[in-house]
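Worksheet: the structure to be examined is printed underneath.
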Amino acid sequence: MTKKSFVSSPIVRDSTLLVPKSLIAKPYVLPFFPLYATFAQLYFQQYDRYIKGPEWTFVYLGTLVSLNILVMLMPAWNVKIKAKFNYSTTKNVNEATHILIYTTPNNGSDGIVEIQRVTEAGSLQTFFQFQKKRFLWHENEQVFSSPKFLVDESPKIGDFQKCKGHSGDLTHLKRLYGENSFDIPIPTFMELFKEHAVAPLFVFQVFCVALWLLDEFWYYSLFNLFMIISMEAAAVFQRLTALKEFRTMGIKPYTINVFRNKKWVALQTNELLPMDLVSITRTAEESAIPCDLILLDGSAIVNEAMLSGESTPLLKESIKLRPSEDNLQLDGVDKIAVLHGGTKALQVTPPEHKSDIPPPPDGGALAIVTKTGFETSQGSLVRVMIYSAERVSVDNKEALMFILFLLIFAVIASWYVWVEGTKMGRIQSKLILDCILIITSVVPPELPMELTMAVNSSLAALAKFYVYCTEPFRIPFAGRIDVCCFDKTGTLTGEDLVFEGLAGISADSENIRHLYSAAEAPESTILVIGAAHALVKLEDGDIVGDPMEKATLKAVGWAVERKNSNYREGTGKLDIIRRFQFSSALKRSASIASHNDALFAAVKGAPETIRERLSDIPKNYDEIYKSFTRSGSRVLALASKSLPKMSQSKIDDLNRDDVESELTFNGFLIFHCPLKDDAIETIKMLNESSHRSIMITGDNPLTAVHVAKEVGIVFGETLILDRAGKSDDNQLLFRDVEETVSIPFDPSKDTFDHSKLFDRYDIAVTGYALNALEGHSQLRDLLRHTWVYARVSPSQKEFLLNTLKDMGYQTLMCGDGTNDVGALKQAHVGIALLNGTEEGLKKLGEQRRLEGMKMMYIKQTEFMARWNQPQPPVPEPIAHLFPPGPKNPHYLKALESKGTVITPEIRKAVEEANSKPVEVIKPNGLSEKKPADLASLLLNSAGDAQGDEAPALKLGDASCAAPFTSKLANVSAVTNIIRQGRCALVNTIQMYKILALNCLISAYSLSIIYMAGVKFGDGQATVSGLLLSVCFLSISRGKPLEKLSKQRPQSGIFNVYIMGSILSQFAVHIATLVYITTEIYKLEPREPQVDLEKEFAPSLLNTGIFIIQLVQQVSTFAVNYQGEPFRENIRSNKGMYYGLLGVTGLALASATEFLPELNEAMKFVPMTDDFKIKLTLTLLLDFFGSWGVEHFFKFFFMDDKPSDISVQQVKIASK
């Protein structure tokens, strides 16, 4: 019997209802009462029998208190433990006060939230909030779920068209949906610090500091404590800054006209509710559309850059003329009616038709609210940004297994110390402390910090290429990618298509490739081009819309005018009366237009789609368009039909299917698709680095195959699997580009022959063939051998990515962020390419920097006023942003730098402003110079903090379409992300290896070497500590190589190569230590009774062990540093390279007594010549032995082979 889940949501995997336990019943209270009571009884009544001294009192009580604190803190570390310790489970929602939520993967952390109850109109409402989403209890279904939105319920168009707005009491709806705002509470510094202070790592580090204090390492312990607290404080400040940034992403409430209770009223935008009717006007500079809406009447030009990242303004048209019985298709034909919250309306056209609802008083377009608050597109993006901050973490399961593996060695070392110490008669309390120190030494506290630093350095490196990431946990995924999928148009080819001419106009022409200019085209063709487009002219004169349509109209001579009119010299004025927007499902668009009082329909679309709508198909129709598509051109067919004169209402009632049937052919539009500059180089690099590159496009298969050959996705002869003929009998046919090879395929009974198909040809598959093959037993085999997918819909792109993931491959999808949203979200690594230029982005960055300086200057001015200090002068870079005056001496200079011509009138006005007296505020005991200098210093640093820190995400940086967003249109973003992904992976492996060896050597040093009486002096410990600090700071700074390697990084640590290398290197280190210790005892016999408490005194044992351990630390970093073929070699990491060289030089100089003064300063004792030779050779043996075993295991056991789907690329590339 399956367990019932109380919550229905895609982000919730499971849930449990909870009731709090009483304090006494909690595991950190009740079980400890008898333990404390037993200790008290033993202490006061049987002290001499059981405790026998203050040391054991401390051990027993310390262990008991530590265990109590540990159990008390466990609920703060794990939400399941918190539920177990603090709550009882129940199945009755009326009893429950809290609920435990288990989230689905990559949707934030699990959590316990309070269940709230409110009585409304006599009925009880039960709900809770989780991750800014509200969940309400539905008594009938016995489940919590988010409030239902009509837009998610597959509604009919008529459900929105008939809406008359809200009436009556809206208290219930306000409670149900909440405010239309982003309520992100900002905790105080101390609240956040308390949260960090109970984290397992922080508690463990403080516990270690306490142990070192007990062992009388005062300076070392207090310094460590200071460093730990400082690092946590810095992390808290960083989180606070990020939360404040998220808070600014909300839209400040402003007044909007809303149709409620059958009249227009002015309300604040935060009061909006779903199904409210609102008037949308041009948004103010600092504002935006307040929520998700659907246009009911009128039209708008919007800029969606703040949401999708795309800066090209889009035309949005209403659903007024859509058939009321049709289903709403938000991802299809109705996409053009959606206004997303957070976007900007640049221009609005009010409704032209009369309706039951009076026109808005502000002349805006009529729209209906679909979603509010965090449920909107912008709200979802902000939620992703907020909760992705928790996701930069190591693989917890692998890290835990790794630590358990190291603990085995720590337990063995502790057992040795206990046995040997007991034999030597050491104080047992001191022995227990030593044993605990050994066990804690193998838990590397640096591990999470180092791995997080690796991911953050990758984020910072990507930001320099204008690539931003909302889900940092995906960066290591990029290092494991098997399959790279690319859209064609706008991704591999440029957005700006070049208009080459018209084809197929004359039926008599023998040359099927003849191109006609606009001057040679008949008027009917010119009129279709002028009508079948969606370009709009803004009030400021800019024309917005598809770049391809802009190029076409410009080449033919049409000028776009206001109010859906076009004008062409010699042709006259053309008015577009109604548009049927392009649909990816229909693969065509249409318009109804009027020219010289004649009404006609103009249709434009894919040649094979238009072919089916023609009343008479011209001869050579297929030959003409296929001839151009084979050579890589983009081909669109034009068609039209005359319409009788009719009224506007009749035009509005026309059915799209009727308009687009019985058409007359008017020619083909031919465009050249230039490849992006970096497309060929990017695909070549991926092919050579064990990746499979495939193309998934909605374009024609012949064009797709041509472009795939140009960029290097396919090399050999290609067969296209498509429908066999015009009939709907589901029969398929493999045919080559020239149609000289054809192999029939019946999906109902045929199977794929590898020797005849996959071993001889590259394969391309169409969307039609994919549908026909649904459920075929060999579909996955076909996908494994397919290079190009053409004429596929957005849903099919999503299906392909999901299937490749199910087949066990790591997938990457690179698309344009508008048509490819589903596929981008399904891929392990989704990359949305936007259309920015580097120059434009630099200008935007400079603008942001100046805005930051302006805000900081205003804050500093307020700070001065609070301390009764004079206002500091305005810095020159932002002088033009403030009015002239005595405190703005650089005003004229700043205006000149911005290109303003300084007229005598401007100069006179500035002089007058500068001559005004400045109110001098009494210094109030503080010097005037210091605060002003502070302000200047802060301003100079504003906006320039670009280092190795992960950049703070802002709206407009990230696209809601994909986890990765490239603001540049460069395909090289793919290789940059893979490069950084491999770098992060390699960093992870190297950190595990280095920390493992350091911990193992530390366990050996704290046990066997310590018991032998070896102690190190302050100077020696300082040198060793500095080496480790420099190396740990430098090690993750290795930059990835420009060229992607054919080799692939290890995906995990538990394999023969990694574990074999760690254990073998450890064995080499132990062997050299044992050998040197043996040689030392020959010269300096071991004391029969070692005094472990004595002060440090130089000895041959101390000298030899310290020098060899110094070299072991060098070899640990140098041998396990992961450089080529993934990152720059160790010599390029200057800090680490010279640090290691310096320490190696110190060790060799000390071992050979090359500089006697150095040995004296380091507190080393003189050595015999024979011992110096043995010591030096042992140092070399230790280093080269470690190097040898590492390379042995790497050569024989490293699993760097590509997956089977990637191997095929190598095979075909070698044809």
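Placement of Cβ uses the backbone N, Cα and C atoms for every residue, glycine included.
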Q. Looking at Ser441, Ser936, Ser966, Ser1115, which one is marked phosphoserine in Swiss-Prot?
A. Ser936
(Q) Starting from the Mg(2+) binding annotation in Swiss-Prot that includes Asp487, Thr489, which of Asp169, Asp806, Asp816 is the extra site residue? (A) Asp816
Q: Based on what Swiss-Prot says, identify which of Ser324, Ser377, Ser755, Ser1132 is the phosphoserine one.
A: Ser324
(Q) Looking at 293-307, 428-442, which stretch does Swiss-Prot describe as transmembrane segment? (A) 428-442
Q. If you check Swiss-Prot, which stretch out of 76-105, 466-495, 1186-1215 is marked region 'P-domain'?
A. 466-495
Q: Could you check what DSSP calls Thr489 (Mg(2+) binding site) once collapsed to helix, strand or coil?
A: strand
Q) Can you count the other CB atoms that lie within 10 A of the CB of Thr489 (Mg(2+) binding site)? A) 21
Q: For the topological domain 'Cytoplasmic' (77-188), would you mind checking the mean pLDDT of the predicted model?
A: 86
**Q.** Positions whose Cβ lies under 8 angstroms from the topological domain 'Cytoplasmic' (1-27), at least six residues beyond its ends
**A.** 71, 83, 85-93, 95-104, 107-108, 112, 130-131, 133, 135, 141-146
Q. Going by DSSP, how much of the topological domain 'Cytoplasmic' (77-188) is helix, how much is strand and how much is coil, in residues?
A. 24 helix, 37 strand, 51 coil
Q | Rounded inter-Cα distance in Å - Asp487 (active site, 4-aspartylphosphate intermediate), Asp816 (Mg(2+) binding site) | A | 8
Q) Going along the chain, which residues at least six beyond the ends of the topological domain 'Cytoplasmic' (1122-1133) come within the CB cut-off of under 8 Å? A) 982-983, 986-987, 989-990, 1034-1035, 1037-1041, 1045-1047, 1049, 1140
Q | Helix, strand or coil at Asp816 (Mg(2+) binding site) [DSSP, three-state] | A | coil
(Q) Same chain only, please: residues at least 6 beyond the ends of the topological domain 'Cytoplasmic' (1036-1055) with a C-beta under 8 Å from a C-beta of the stretch. Say none if there are none. (A) 395, 398, 401-402, 450, 453-454, 457, 461, 479-480, 685-686, 688-691, 948, 975, 978-980, 982-983, 985-987, 989, 991-993, 1121-1128, 1130, 1132-1133, 1135-1136, 1197-1202
